Amino acid sequence: MGLRFVLGRSGSGKSTYILDEIKKEAQKNETTSIILLVPEQYTFEAENRVSKLFLGKEKDKYLRVRVLSFKTLSNIVFSQVGGLTDVNINSSGKAMMVYRAIEDVSEELNVFSKSKSQSGFVSSITDMISEMKQYNISPEMLENISGELDNETLSLKLKDISKIYNSFEGKLHENYVDAQDMLTSLTSKIELSSYLDGACVYIDEFTGFTPNQYNVIKSILNKSKSVNISLTVDDINYIGYSKSDMFSRTKFTYSKLTQLCNEEGIKILPQVNLNTGVIKRFEKVKELQHLERFYNAYPYKIYSNPTENIKIKEFNNLYSEVEEIAREIVHLVRDKNVRYRDITIATRDLNRYDFLVHSIFNEYNIPNFIDKKREAKSNPIVILIISALEMKNRRYGYETMFRYLKSGLIGIDNDDINLLENYVLANGIKGKKWFDEKWDYRITQSLSGQESEFELELKEKINEIKNRVLEPIVILQEKLRGKNRVKEICRYIYEFLLDINMPETIESLIVNFKDKGELDVANQYSQVWDIVVDILDQMVELMGDEIISLEKFIKLITLGFDEYELGLVPPSIDQVLVSSVDRMKNPDTKYLYLVGTTDGVFPLITKDSGILSDNDRESLGNKGIEVDIDSKTRSFEEQFLVYKALTSTSKNLTITYPISDHEGKTLRPSIIISRLKKIFPNIENKSYLVEENKNTDKDILKKITVKSPTFNELINVIKNYDSDGYNTEEINSIWLDIYRYYLKDEIYSSITKKVIKGLSYTNQVHKIEEKKIRSLYKSNSLSISRLEKYAECPFAYFIQYGLKAKKRKEYSFTPPDLGTFIHNILDRFSKELLQDNLTWRDIDEKYIELKIGIIVDEIILKIPGYILNSSERYKYLAYRLKNMLTTAITIISQQIKQGSFEPIDYEVKFGDNGKYPPIKMVLENGQEVSLIGQIDRVDEFEEGENKYIRIIDYKSGNKSISLTEIYYGLQLQLLVYLDAILESAKDEDMNINPAAILYCRINNPIAKFNEDKDDEEIQEAILKELRMKGLVVKDSHIVKEMDKSLIDGERKNSLVIPVGLTKDGNVGKSTSAISYEDFKLLRKYVRHAIKDLCEEMLSGEIRIAPYKHKDGTSCDFCDYSAICQFDSTIKDNKYKNLNNKSNEEIIKMMKGDVN
C-alpha cells in the first residue's frame, strides 16, 4: 500500500511511463486487477493506447487491465457489493427535478424570487447543487453559514440555495441517486469490495480532483497494492506555489494528496522525476524544447537560431484561415507521407470553427472528426415533439405549426407542405381556423368575380393536405385537454409518435444516411430516438402520478432535452482530430494547428458570473467552506491550458489567427503571438491578408490539392486573366495542363466547359426569339399599366408577366390591397347612385356615410376570411376606412358641385368586351396590337357644339403628372384613356375637346395650422389638401367651368384643380396647364411612345435597364432585384437617367420625336 507520484513537464512522457509500467505489471503471473483511471472524455483514447500494448501472443495479458473513469469504477464496485439497483438519475432528470424543487419553494425565495422564471436559471441552480455536493456541502451547512455572514445579500442567497437544494434532495432520495451521491457511496463501498484488493492503480490525465474524488482516492489507497498518479509540474524540488503559478492547480493537487497520505498513514513512495534531461516529446525538435522551457519563464531566453518548426500565420477571416490549413494538410499527406491521425486542429472556441472546418475539410477530402457533443434539442425529432405539444398554447401559430410540418418526419411531401404554407400565410390562418371543417378562402384574394375551376381544384387539394396534417394532431390535442397525470401525457406522446409512424420513419432515415456514408448523422438520429424514449420513461419514473398542466409539462420536457448531448465515436482511425484545447487528447500529434488565437479567446478571459460571485466564494473560503475556484484563479489556470496546447505536438506547431470575424468585426492577435515573437525573433510570421499572385511553379503547385478546390483555383486564374482573349503565353503551363486534365475528366469535363463559358457572363440578358416571346406573352392585347411597367425596366416586366413570378402573398393589408379596396368601393358607390336615380349634386354627407357603411360591410362579410373582418385591429381599420371614404367622397361631391362637369361613366373599359373598342396599333413589322384599359371616371361638359372631356383616376397616394415621366413612358395611362374617349366620340356631331387628366386622391386629409381656424377655414384647408392633380387645358373659360369659384374673382387659386388665375383672369404660367395644341401633341407622342415600347417588347428585348431620377430609381421597390443583381458599379449595369427638364423643353423634345 503506497502512493507514488509520476511528475514531469508537458511532453516528458508521464503517460508513456505509466503505460510501460502497466505492461510490466501485466507480465507478472498474478490475477489482481490493473486499473488505469482517467477522466471520462479520455477513456476511448486510453483504451486504444492500452490495447496496442498487448499484441499477438501477449493479448491474454490485456484481460487483467481495465481503463476506467470514476463512473465505470462505481458500476464495477456496486455490481459486487450492491448499489446498482439504486436508480441513477441523469442530467436530464436532475434538471427536471431541480425545476420541481424551485416550484415547491418559489414562495419562500428572496434573492431569486424574480430570477426563478428566467431562462437558464434552472441550469445555473443545477450546476450550483452539483458543486455543493462535489464539495460535501449540505443544505444544513449552507443554512448555518448564512447566519454567520455580515453580507446580507450573500446570506439571503445562501438561504435560497439551501431551500432549493433541500427540496431537491428530499425529492431525489425518495427513489434515486445522482452522480455525486454515487461517488459518496463509492467511497464507503470500496471498503466492502474485493475488486481493488491488491490492485495496481494508475491515475493519469487529471490536473485536480473534487473533495468527493479525493475521498474515493483515499479508499483506493487503503485497498490497493499501489497507486501511481501522474501530475504535470515543473520544479519537483519546490512544490510550493501561488495562484499565479502556471502549475498551481497540479501543485495544489500534489499538496492535497500528500496531506491525505500523511493523515491516513499511507506511505509515499519515491517520486518518478521525468524532468531530467531533454523532454522526451521534443527531443528531435529544438524549437519545441525551447518553447516548452521558456514560454512561461521570467526572464525568458531568446532562441536566436532559425525557427522552422514553429510558424505564425495571419488571415483576413476564418474561412481563409481554415482553407489554407486544408491546403497544407493535403500537401503534408500527399508529399510528406504524413498520416491524418498525426494532425490535430485545436481552438479555444470550437463553436466558431466546427461547421467551417467540417465543410472545408470535406471539400478537400480530408477525413476529420469534430470532438464535440451535439445538442439533442436541435434534432428534428425533438423539434417535432416540442412543436406538437406547444401548438395549443401558442394558438396554432405559423411558427409552431410549420416547425412541426417542416421537420421532414410526418410523411407528407414537401411540395404539399409548401402549398399549404403559401395558403396559410396568404389567409392568416391560425388558432381555431386550422380546425374549420373546410377552408373556403379565395386563392386569388379577389374582391369580386367567380372562382375558376383551377382555384376550386387547388382549394380541394389544400383541404385534403390540411386534413392529413391535422388527423394525428387532433387526436393528440383531444387527449391533452385540461390537466393530466405525467404518465398519461407521456403515453399520449408515445401514441402520437406511433400514429405518425415515427419509429419506421427514423429507421428508414438511418438506413438512408448509412447508405450515403453519413454515419455521423445516422448515429445522431439513432441516439435521439433512444433519448426521447429515455426522457419519457424518466418522467414517468420521477413524477408519473403527478397531475400537471400542459404548460408545465412542456417546460419540464424541454429542460430534459436541453441537458442531453449526443456523444459520437470517431468513425475512423486515420483522420484529423478537430478539438477544443481543453479536450485535446491526441498523444501522437506531430502537426498541431492552433487556430483562432485571438485576444480574449485564447487565453480565454473568464468572467465573474454564476450564482456565486468571486466575492461570495472568497467570503465562504474565509469561513472555512471550500467551494470551486473563482474567475481570477480560472484566468491563471488558463495559462496552464495555453502551455498544454503549445506543448502538445512533437514535430510542428502552427499558430493562426484571423483579423476579422464572420460579421467583419476586427479581431486582435492573442498575447501568445507577441510572446512567441519575443522568444523566437526569427519565427516565420506569414501574412495572408493580401493574396500573392505569384506565378512560379512552386507557388502554383501549392494550390494544387484535390479536384474541387483545384478546379476553383483554375477558374480564378482564368477569370483574372486578360478578358480580351486567351493568351497561352501568359498563363503558366501547369494551369494549362490542369485545364486539359479537367476537360478529359468524366465528371468535370462538361462542368469545365460551362464554367469557362460562364466566365464571360454578365447579368445583362439577351433578346429572346420573337416566337418564344409571343408564346410567353400570348395575347396581343396589352394594358397600359403593363406598358408603363415595361418602360420602368424591361427585365422586371419579363419576370412578372413573362415568367409570371410572384412575391409570396402574406396575410396583411398592403398599399395595393388598399388601392383595390378603394376602387371597388367607389365603383359600387357610383353605380348605386345611378340605381337610386341620384347624381353627385343630390347627395350629402349623411347619405354618403350611410351608403359607404353598407357597401363596406357587404364586402367584408361576403368574402370568407377577409382580412378586414379577421380581428379587432382590422375591424377598427375597416371603421377608419369608412370614415376616410366618407370624407373623400364628400370632397368628390363638393368638387363636382363646384363646377359644370358631370360624371357620365365609371370603371369604363376599353377592350374586346368593354364599352369602347381597344386601341388598335399596327407596328412596323405589320403586327397589330390592341391596347386595353379601364378608366375610373369620365366627366363631361357640353357648351353649344363643343363637348369637353375630363379623365379622373383615383389614387390613394399623393401622385401628380410629370411631362418628364410621360416622355419616358412612365405615365401613359391617363393620356391613352383621354385619347380613347376622344377617338371613340369623334364621329359625333359635336366638337370633342380635352379638358383635363387628373388624379383624385382618396385619403384622410391632414391639414396643418399655425393658429386657430374656424370651420370654414378648416374646410377650405381640407379641400386644398385633397385638390386634384394633373394637367388642365390652358383655357380660362373651361377652367372656371371646373371651379365656378374662380368666375367672380372670389379666389385666384382653385380648390378643385391645380390651376390659378392671374389678375386679368388668364391661366397662370406656374400652374399645371397646357394648350389644346400641346394636349394634341401629347396624345400623338403617347401613341408614338407606345408603338416604340410595343415593338421593343415584342422583339424580345428584356434588358436590365431600370430608370433613375431625382426621387429614386425603379429598383427601390422592385420585387425582382434579387434576381437581376443590378449593380451600377458593374460593367454594363447603367441606369436609364430621366433628365429633369422644364415642361417647355419636354414639349420641344416631343415635337422633335413625332415630326
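Yeah, the Cβs are placed from backbone N, Cα and C, and that goes for glycine too.
The ATP binding site feature in Swiss-Prot is assigned to GLY8, ARG9, SER10, GLY11, SER12, GLY13, LYS14, SER15. According to Swiss-Prot, the [4Fe-4S] cluster binding site annotation covers CYS793, CYS1115, CYS1118, CYS1124, on the basis of sequence analysis.
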[4Fe-4S] cluster site, defined by CYS793, CYS1115, CYS1118, CYS1124: further same-chain residues with Cβ within 8 Å of the Cβ centre: GLU792, PHE795, ALA796, ILE1104, PRO1106, THR1113, SER1114, TYR1120, SER1121, PHE1126
Residues that sit under 8 angstroms from CYS1124 ([4Fe-4S] cluster binding site) by C-beta distance, when 6+ apart in the chain: ASN763, PHE795, ALA796, ILE799, ILE1104
Non-site residues, in chain order, whose CB comes within 8 A of the mean position of the CB atoms of GLY8, ARG9, SER10, GLY11, SER12, GLY13, LYS14, SER15 at ATP: THR232, LEU274, ILE279, LYS280, ARG281
Local Cβ density at CYS1115 ([4Fe-4S] cluster binding site) - other Cβ atoms counted within 10 Å: 19
Entry from the binding-site residues list SER12, SER15 having the most other CB atoms no farther than 10 A: SER12
Nearest-integer angstrom distance between the alpha carbons (Cα) of GLY8 (ATP binding site) and CYS1115 ([4Fe-4S] cluster binding site): 69
Residue among binding-site residues ARG9, SER10, SER15 with Cα closest to the Cα of CYS1115 ([4Fe-4S] cluster binding site): SER10
Rounded to the nearest Å - Cα separation of SER12 (ATP binding site) and CYS1118 ([4Fe-4S] cluster binding site): 67
GLY8 (ATP binding site): tally of other CB atoms within 10 A of its CB: 25
Inter-residue C-alpha distance, GLY13 (ATP binding site) and CYS1118 ([4Fe-4S] cluster binding site) (nearest angstrom): 68
Densest Cβ neighbourhood among CYS793, CYS1118 (binding-site residues), 10 Å radius: CYS793
Collapsed DSSP category at CYS1124 ([4Fe-4S] cluster binding site): helix
